[in-house]
Amino acid sequence: MSEEERPAALADTILRFLCHDDIDTVKELCADWFPIEYPDSWYRDITSNKKFFSLAATYNGQIVGMIVAEIKGRTKVHKEDGDILASSFSGDTQVAYILSLGVVKEFRKQGIGSLLLESLKSHISSTAQDHCKALYLHVLTTNSNAIRFYENRHFHQHHYLPYYYSIRGVLQDAYTYVLYLNGGHPPWTVMDYLQHLGSALAGFSPCTLPQRIYRQAHTLLRSLLPWSSISAKSGIEYSRTM
C-alpha cells in the first residue's frame, strides 16, 4: 500500500525507542490499556534497560502506541511455557516474548499495531538472525479483540493457563499464543508421529522392504560361500507371493 493510500495517522506515524523521560506517559497509557498494575521498576526497565525492545509509535510528537518485547534463550522461558519449542532445539536457541502491545483508542484499526509488530519481527530478523525460533505472548481469554488481532497475523493458541492473572484480586485465565519463525516448531504430538510414519510408509510398495532385505542377504551369502552360483530365482518367486 502506497503512502497516499494509507490512513493519515499511519502515514504520519514516526517510530522511536522509549526513553526514561517517557515513564509518566507510558504509565498513563498502560493504566488505560491494561487491567494489570505494573510496579515502578517495570517502567524503569522497559524505558532504560537495553535488553528490552521498547518501541513507540508517535503522532505529532505524542505516543499513540508501543510494543515491548524481550529476546531470550529458551532455557529462560517460564515453566508454564517451557514446551513452546521442541526439545531438539539447543539451549541457546532464542525466543522473543511480547510483554506489551497497545494503541491509543482513537488510533486503532489504522495499522499502527501491525506496524509495531512488524517492526519487532524485522528487529528479530536483523539481530537474532535465524536463531530466534518463536515469538510468543500471553492474553486474557476474555480479550477477544487482542485474540483476533494475533490470530489474523498467524499466531496460534499454544496453552490455556487457568488463573494466570490476578486482576484487582480476582484470578483470571489466559492463553499463550505463539508465532513460529525460522523453522521453529513445538514438540511433536502422537498424531504428528503417526502422520510422519504414514507418510514414510506411503513411499514403500508392499514388497519393497522384503526385496531389499533379500538382496542384502543374498549379496552377503555370495561373498561368504566358496561358490557363487546362487540363483536369484527364489528372490523373484518371493516377490510374486507378496
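Keep in mind that glycine also has a Cβ here, set from the backbone N, Cα and C atoms.
Under the heading active site, Swiss-Prot lists Tyr97 (among others). The Cβ of Tyr97 (active site) has Ala69, Glu70, Lys72, Val77, Leu135, Tyr136, Leu137 as same-chain neighbours under 8 Å, each 6 or more residues away in sequence.
Summarising the annotation, Swiss-Prot assigns active site to His138 (among others) and lists similarity to another entry as the type of evidence. For His138 (active site), the number of other Cβ atoms no farther than 10 Å from its own Cβ, over all displayed protein chains, is 18.
Within 10 Å of the Cβ of Tyr38 (substrate binding site) there are 16 other Cβ atoms, across all protein chains. The substrate binding site annotation in Swiss-Prot covers Tyr38, Leu99, Tyr165, and the record cites similarity to another entry as its basis.
Non-local contacts of Leu101 (acetyl-CoA binding site) by the CB criterion (under 8 A, 6+ apart in sequence, same chain) comprise Met66, Ile67, Val68, Gly113, Leu116, Leu117, Leu137. Swiss-Prot lists Leu101, Gly102, Val103, Lys109, Gln110, Gly111, Ile112, Gly113, Ser114, Asn143, Tyr150, Glu151, Asn152, Arg153 with the feature acetyl-CoA binding site, giving similarity to another entry as the kind of evidence.
According to Swiss-Prot, the domain 'N-acetyltransferase' annotation covers 13-182. Per-residue pLDDT, averaged across the domain 'N-acetyltransferase' (13-182), gives 95.
Residues or ranges marked as intramembrane segment in Swiss-Prot: 193-236.
Residues or ranges marked as region 'Required for homodimerization' in Swiss-Prot: 162-173. Per DSSP, the secondary structure of the region 'Required for homodimerization' (162-173) breaks down as 0 helix, 10 strand, 2 coil.
The topological domain 'Cytoplasmic' annotation in Swiss-Prot covers 1-192 (among others).
Under the heading topological domain 'Cytoplasmic', Swiss-Prot lists 237-242 (among others).
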Inset, instruction - Using C-alpha atoms only, work out the spacing between Val103 (acetyl-CoA binding site) and Tyr38 (substrate binding site) and round it to an integer in Å. - result: 18
Inset, instruction - Using the centroid of the Cβ atoms of Tyr38, Leu99, Tyr165 as reference, list every other same-chain residue with Cβ within 8 Å of it (recorded substrate site), in sequence order. - result: Phe34, Ile36, Trp42, Ser100
Inset, instruction - Taking only the Cα atoms, work out how far Gln110 (acetyl-CoA binding site) lies from Leu99 (substrate binding site), in Å, as a whole number. - result: 22
Inset, instruction - Would you mind sorting out which of His138, Tyr150, Asn152 (the recorded positions) have a C-alpha within 10 A of the one on Leu99 (substrate binding site)? - result: His138
Inset, instruction - Using a Cβ cut-off of under 8 Å, list the residues of the same chain at least 6 residues beyond the region 'Required for homodimerization' (162-173) that approach it. - result: 35-36, 80, 138, 140-142
